[in-house]
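Step one of this worksheet: look at the structure below.
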Amino acid sequence: MMAEEHTDLEAQIVKDIHCKEIDLVNRDPKNINEDIVKVDFEDVIAEPVGTYSFDGVWKVSYTTFTVSKYWCYRLLSTLLGVPLALLWGFLFACISFCHIWAVVPCIKSYLIEIQCISHIYSLCIRTFCNPLFAALGQVCSSIKVVLRKEV
């Protein structure tokens, strides 16, 4: 009985990962477009003081801009949203696949192979460079610098 409940719970968890509910009100919950895509009328069109158009022109321009942007976005997202989502899903799946099955194993392989070389390199440094720099340090340790301020 307990094993069946555990299996049902696992099935629900796996299902929840792939069938995530989406928020239809807040469609940018991580605020990725907060600073990037800000295209309200006031962000694009502005009249400086002293060069105002007629109030009616300003109101109609505002309405035209807002409505045309709204419907153009809706039309483009209707026509291209699903194909582009498919394209981006495929692209990110390919990138994830390459990262998981090629990049990470190559890096791990490189780190394993470079570890052997690093031991040899470290041995060479300790054998040749350490005595050389220790001797140079002894030679330079007897150098004295005197600073005088002349007026």
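The backbone N, Cα and C atoms fix where each Cβ goes, glycine too.
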> Of the residues LYS30, LYS38, which is given the SUMO3 cross-link tag by Swiss-Prot?
Replying inline: LYS38
> For LYS38 (SUMO3 cross-link), what is the secondary structure by DSSP, using just helix, strand and coil?
Replying inline: coil
